[in-house]
Amino acid sequence: MKKFPKKLLPIAVLSSIAFSSLASGSVPEASAQEKKKGNQDEIKNVIVLIGDGMGVSYTSAYRYLKDNKKTKVVEPTAFDQYLVGQQTTYPDDPEQNVTDSAAAATAMSAGIKTYNNAIAVDNDGSEAKTVLEAAKEKGKATGLVATSEITHATPASFGSHDHSRKNMNSIADDYFDEMVNGKHKIDVLLGGGKSNFDRKDRNLIKEFKKAGYSYVDDRKDMLKNKDSQVLGLFADGGLPKKIDRTKDIPSLKDMTNTAIKKLNKDKDGFFLMVEGSQIDWAGHDNDIVGAMSEMEDFEQAYKAAIDFAKKDKHTLVVATADHSTGGYSIGADGIYNWFSEPIKAAKRTPDFMAEKIADGADVEKTLKTYIDQKKLALTKAEIQSVEEAAKSKEVLDIDNAIENIFNKRSHTGWTTGGHTGEDVPVYAYGPSSETFAGQIDNTEIAKNVFKALQYNIKINDK
């Protein structure tokens, strides 16, 4: 394995560029042409991408994971070129000062601090206007894309209002019932959460179809659909992680490109929020395999947004995280190494393998089927640890045992199964990208997007 010290100079250079950006309030320049596009052209479209749980340790580990071992340098990821700063994430909660996804998303959608669990409402329970609603008021097309349920905390905080993120059925109702200028306020909805739309008390899928929306539930139908308004639900709950996904379930890149293609038909432009939801879920699970799988899914969607913006020349792209998750560390137990090869050996997530074993599959056969033995040759002790966990027949016990193998072999550390409160990176490209530079607060994401939309609003951010 190549040692990191041989390859750190380019990363240091990138970091120094980013640091100078923070100090000066400027954005790293890819070229004079891109600078012209970023600073002089009017904004027609805004794309906000949120890597849920994606702290700096995740973006750093992903860089090392994707590194080309044949070179002497650590190659940058798609994110690195457009790093402009970092943001604080704390909520305005009477009992907690580490944010959840709802409070953080509300900060980024509405520009206000609020309590954990709040969906675009303030501490008094009053609804706060979101940037998606502002875009719709300006006549733009709007969309939400996520790998979680589309009613989960982050997308919900852009497209609905509720005192609790747990009310996912009510959030689904809001997506249909709440109008802006007499129109449904979200034109494209792509993600999971079918169970929140197809219920005994209400069938929102039928209602959306009656209102003129297309409905799709697999990748093939989504890609061939020609309509500008579409509801796409590809799982009852969240989508499988990228590494576990079958061909009939779209990737985050697929959904992002589909949303952009449909929304871009609107002559007045569009607003789109895209969430890589399950970076966070993997972090909660202390699952490094799942985390890196979801980082790749998110990077590909991010690249799709950037590629569109470069061609369009009137699109602002902002990418960030709502918080970090798991207290993830690159290196653990006092060992000064971190190895990506064990992670690359996985063909499926520990969750996937654990469910197979809990259903009665042979432990050793399952592990060796879904873990490349050339990259990670399992020891007898490692196999026995999973066999011991399997005696309980509990998926969680088996999952933890398999995750422990990957964590130990890669020297990955975790401190919690919850969120952590550090600042998170901010990336931006296109017109007004410089407004996101430096040390900012997460509420400034929304405030700057409102400005980009030329929407005048007085935000009560007491």
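Each residue, glycine too, has its Cβ placed from N, Cα and C.
All protein chains included, Ser101 (active site, phosphoserine intermediate) registers 26 other Cβ atoms within 10 Å of its own Cβ. Mapped onto three states, the DSSP output places Ser101 (active site, phosphoserine intermediate) in helix. For Ser101, the entry in Swiss-Prot reads active site, phosphoserine intermediate.
Taking a C-beta cut-off of under 8 angstroms and a sequence separation of 6 or more, Glu275 (Mg(2+) binding site) has the following same-chain neighbours: Leu49, Ile50, Gly51, Asp52, Val145, Ala146, Thr147, Ser148, His152, Thr154, Pro155. Sequence annotations record features per position, and here Swiss-Prot assigns Mg(2+) binding site to Asp52, Thr154, Glu275 based on similarity to another entry.
Other C-beta atoms found within 10 angstroms of the C-beta of Asp322 (Zn(2+) 2 binding site) number 30, with every protein chain shown included. The Zn(2+) 2 binding site annotation in Swiss-Prot covers Asp52, Asp322, His323, and the record cites similarity to another entry as its basis.
Cβ neighbour count for Asp280 (Zn(2+) 1 binding site) (all protein chains, 10 Å cutoff from its Cβ): 30. Annotation source Swiss-Prot lists Zn(2+) 1 binding site at Asp280, His284, His419, citing similarity to another entry.
The signal peptide annotation in Swiss-Prot covers 1-32.
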Using Cα positions only, nearest of the recorded positions to Asp322 (Zn(2+) 2 binding site) (Ser101, Asp280, His284, His419):
Ser101
Within 10 Å of the Cβ of Thr154 (Mg(2+) binding site), how many other Cβ atoms can be counted across all chains shown?
28
Taking the mean position of the Cβ atoms of Asp52, Thr154, Glu275 as the Mg(2+) site, which residues outside that list, in the same chain, have a Cβ no more than 8 Å away, listed in sequence order?
Ile50, Gly51, Ser101, Ala105, Ala146, Ser148, His152, Ala153, Pro155, Gly276, Ser277, Asp280, Asp322
Hey, does DSSP put Asp52 (Mg(2+) binding site) in a helix, a strand, or just coil?
coil
So for His323 (Zn(2+) 2 binding site), how many other CB atoms are inside 10 Å of its CB?
27
Given the binding-site residues His284, His419, which one's Cβ is surrounded by the fewest other Cβ atoms within 10 Å?
His284
Quick one: pull the CA-CA distance for Ser101 (active site, phosphoserine intermediate) versus Asp280 (Zn(2+) 1 binding site), whole Å only.
9
Quick check for the class: what is the C-alpha distance, in angstrom and rounded, between His284 (Zn(2+) 1 binding site) and His323 (Zn(2+) 2 binding site)?
12
